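A.B. asks: What TrEMBL records for Gly230, Gly231, Pro232, Gly233, Thr234, Gly235, Lys236, Thr237 is ATP binding site. For 209-633, the entry in TrEMBL reads domain 'UvrD-like helicase ATP-binding'.
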Amino acid sequence: MPNGNYTSRARLPNLRGELLPESTELELEQSYVAILYAQLDAMRAYARTRLREVLLETGGTPQARSERESFNQMYTEDLTRYDAAEHGLCFGRLDLDADTAEHAERRYIGRLGILDEKNDYEPLLLDWRAPLARPFYLATTAAPDGVTRRRHIRSRNRQVTAITDEYLDLAAAEAAGVERPDGGVGAEGALLAALNAARTEHMNDIIETIQQEQDTIIRSEHRGVLVVQGGPGTGKTAVALHRAAYLLYTYRRQLAKSGVLIIGPNATFLDYIGQVLPSLGETGVLLSTIGDLYPGVRATRTDGPRAAELKGALSILEVLKRAVRDRQELPDAPIQLDFEGHRLTLDRKAVSRARGRARSSRRPHNQARPIFTTAVLDELAGQLAGAIGTDPMGGGNLLSAADLTEIRDELRGDTGIARAIGSLWPELRPEHVLADLLSSPDRLAVAAAELSADDRAALLRVDRDGFSAADAPLLDELAELLGVDDTADRERAKRRWRQQIADAQDALDILTGSAPQDLEDDLDPELLMAYDLVDAETLALRQQAAIQQTTAERAAGDRTWTYGHVIVDEAQELSAMAWRMVMRRIPNRWMTVVGDVAQTGDPAGTGSWQQVLEPYVAQRWRRTELTVNYRTPAEIMTIAAQVLATIDPDAQVPRSVRESGVPPWSVQVEPGELAATAAVLLAAAPHPGTVAVIGTPAICAELSHLADQRTRVLTVHEAKGLEFDDVLIVEPQLLLDAGPHGRNDLYVALTRATQRLSVLHSAELPEVLAGLTPQPAGALLRRPAAAGRPE
Ligand SMILES: Nc1ncnc2c1ncn2[C@@H]1O[C@H](COP(=O)(O)OP(=O)(O)OP(=O)(O)O)[C@@H](O)[C@H]1O
């Protein structure tokens, strides 16, 4: 964090209306902020008026329509950004000394950039992402970078409510009459206020208090894979989201077309973080889980741990390949086909020859299908030609090449023959192949012959409905193995495209034709004609773009879409198969990968970034680390550290930035008293604030009735990435016993609280939690609900 060593504060008048000395400063800031809001209002009014005009216009040339469409989009986006900037428009100010700036300079920092049109377009407000705003996050007393004072400005409803100053150089501090206080309270004040605030169900942006180590990652210019490793609560998610906003600001042209994809662990998490980017005025980002990344399929099933592990491992690739080959069948007995009074036969050998030809093309199954079909038709055409074209006089075959082509076409149109080909080499969809495979012991026995009977049983399911999150990468892989026979679609698209170019050409002709006649004979070389500005193909492209949806919408529906940048959060949870699916969407490998290998809970998740990334980028990835915990108070982190030591004795425990003053505690009750005690404890959680009960799926089912508006009952998987003011962990031993990642799960559960943590158990308390303060259950239950918590 910025180390401001000399601080002063300005406050509002007290209740008697007496002003503190600094209030003049506050009033000055109020007048400046009022100017900024007036500018914002003017920008908003302009965008609204222009948008209205654009919407009212109708008809016109295709070019005019396309221009209107892009203006429509531009003004709508502007209005979204202005609305997002309304709260806390300006939150900071930098004073720079005359040596650094050309002259002593002030820079105001805020949610968007505002220029002064009347004054040579001088910046009135700098967007927090602009390079000139950077010292706000980086300058320290040791490296002030020309900054003499950093000011935090807090406002509500357009009114400045407080200002806090940090002096980064001694002379400036002395000139302001500020004494050296007890170590950097200035910036910490804003940070601690943000961290201590009660949580809601949505994450907030952190642009007012981004810390130095976070800023370096947010603005990293690294063009390959940037790994952000960090313990719980170190701001990895916050940093990832602000990096997305930064990249969209800095590389807008490039990323607006290709889009940014953010992958999170589950839908609850995406909902939790979903407001951050819109609050920063950025809407063009697609948020998705791995389970929902395959278009048209939503993950509705849950796999057992072994099935998830098997589906996540690369060895499943061979199973999928065999499942597809298994559908390219050879008949046991010859297939008899009747065609116009002739009997034709497809025997095993002929089909095997056709299959060999198709397979040796090395095309995906559906794209190799036409080759198989042609080979079969050749075979049948040969048989038919033999029957009808042989010269009875012994003159060989009398049919010409054209006759043979005609025969092949007729055979192709025969439904019996089409059916036979369809049964031997069917056109396949990924969803059907996977559902068929997983619901059929016979198919599994062939495709997964290498697996043990137990593993095949783990994969087998009784019905064909729905898919799990671990199935999505398999569907994606099958889509690659099957391919799409899009010959007909491509033909149609080509025809449509030719038509669009022809229309655009007409439009250009009309435009040019409408130019004054005298120009026809004596073309003014200075006058740009429509042809000079745009050719028919470009115009058609523009029109096409205008008809389509936003980048994020188009990307969501297109499996083969490739993004400009991909961010993976809780990346330790991704299986090897999930990485394949993600990497397919980002061939340029410009990614931000965020996670903590100590929190891995998925049976197919990773324990090493090197292992995951090496196959895709070799050594070309960079690791960064976040080390400060902004969420979990020190008292809770001391307990969590014990668990971390059992996961990885060498792991660095993130340093908590604050203490809560409440030691985490435990209470033991009889098994039958779990629910009643939990209810008492929850009722005692202070308002306002959010509460979570965390346990195994079975415990969650038992306690689900405790969920209400502010209390959620969650498994560790569901709680991943989230945080709550109060956390109650129930039966921690069951979490430990649940699987190979039990310790990681307990670590995740322990680190979700921003204020208070309690543990409720009937079984013995795990030894690793011995540091909790025990609380006698009887005393707790006898007390009235509001006093349920120990002081
Ligand atoms: N610079 C900051 N200013 C204010 N709040 C911050 C800052 N950095 C992080 N936080 C807050 O700390 C909390 C934890 O951040 P975040 O969820 O991003 O951590 P994380 O590293 O992703 O945690 P986990 O690994 O447990 O999911 C959030 O409430 C976030 O807003």
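Quick reminder: no glycine exception, Cβ is built from N, Cα and C everywhere.
Help me see these features in their spatial surroundings.
C.D. replies: Counting every protein chain shown, the number of other Cβ atoms lying within 10 Å of the Cβ of Gly233 (ATP binding site) is 28.
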A.B. asks: Can you give me the residues near the recorded ATP site, meaning same chain, not Gly230, Gly231, Pro232, Gly233, Thr234, Gly235, Lys236, Thr237 themselves, Cβ no more than 8 Å from the center of the site's Cβ atoms?
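C.D. replies: Same chain, not in Gly230, Gly231, Pro232, Gly233, Thr234, Gly235, Lys236, Thr237, Cβ within 8 Å: Asp596, Leu626, Asn629, Tyr630, Arg631, Pro654.
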A.B. asks: Which residues in the same chain, at least 6 apart in sequence, have a Cβ under 8 Å from the Cβ of Gly235 (ATP binding site)?
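C.D. replies: Within the chain, Gly235 (ATP binding site) has Cβ neighbours under 8 Å at Ile206, Gln211, Gln214, Leu626, Val628, Tyr630.
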A.B. asks: Does Thr237 (ATP binding site) have same-chain partners at least 6 apart in sequence with Cβ under 8 Å from its own Cβ, and which are they?
C.D. replies: Met203, Ile273, Asp569, Val594, Gly721
A.B. asks: Of the binding-site residues Gly231, Pro232, Gly233, Thr234, Thr237, which ones put their CB under 6 Å from ligand 1?
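C.D. replies: Checking each Cβ against ligand 1, the ones under 6 Å are Pro232, Gly233, Thr234, Thr237.
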A.B. asks: Per DSSP, to which secondary structure element type does Gly235 (ATP binding site) belong, with helix, strand and coil as the options?
C.D. replies: coil
